[in-house]
């Protein structure tokens, strides 16, 4: 069975926030905005002006912590009390995931997303990721309904720290590295082939335009290079995540990321930075902990990804023990990979990372 999910519409242009009301008014005249204080500061004037011009009433709700089960329930109940069915998420991944999960639990709920950074594909993705109050990964909510609108304003993203775009590029690149190993066992899977095609499209965009886009982002300039890379990081990676069949292809690097979220010293690492480290470990797993793929190492270095953990000695060994002990990966999917995910193999790969930097 092949399943493909996508938003009803994807819109991307510079200064899109000035036209958000025109895009939303055919869906609802009464909306709830879920955002963060920083994200709202970046778009408030343009968004509120456009909504008022379109005659759209709105309430603003702030997510100040992580996207937790409790925060989803809190905001869902608050929005439902006001008889609102349309939620607009404005911000980074945690805000967008929370907005999607909130709307998914409302009766006849709909959600639109407006990412203020391009650090993940959360604006498009068919899932919401839940964390605990300390940022530790708790699980995944598979959405019943996709966003009806994904609205990307490259002028807003151009004003964000380029570190976010670097992390978004690596998070999107990870799809290609994570899906490829499944070809050996699932080469006849149409879903896998389509996922890899979407991931390859994104990878090729980054190869041609990635470094230029980073320079343009640092200069806060909206250029064709930046817009192409934003689309690849959000739509390309999102599309790669939106195709499924009876053989899921979960990512090893993302599974490693999930355990890294419990290491206090990494709480200031972005999602894509943790995923990049996970790719490093995956490559070592694939090469019996003897070496890392040269092209992968080049990509991680190109986008300034951390190649080692900021801990050493006994602390590092404790971190390895935690990751190995709590590592979660579907057994059926692990059996489809051409390398072992056994505790011993994972431990050797993690220790090999530390040895690389001695």
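Every residue, even glycine, has its Cβ placed from backbone N, Cα and C.
Per TrEMBL, glycerol is bound by 254, 271; the candidate from 161, 171, 344 named for the same site is 171.
Of 171, 254, 271, all annotated as binding-site residues, the residue with the shortest Cα distance to residue 94 (NAD(+) binding site) is 271. Applying DSSP to the domain 'Alcohol dehydrogenase iron-type/glycerol dehydrogenase GldA' (10-153) sorts its residues as follows: 51 helix, 44 strand, 49 coil. Distance noted between the C-alpha atoms of residue 131 (NAD(+) binding site) and residue 171 (glycerol binding site) is 18 Å. Comparing the Cα of residue 254 (glycerol binding site) with the Cα of every entry in 95, 96, 125, these being the binding-site residues, the smallest distance points to 125.
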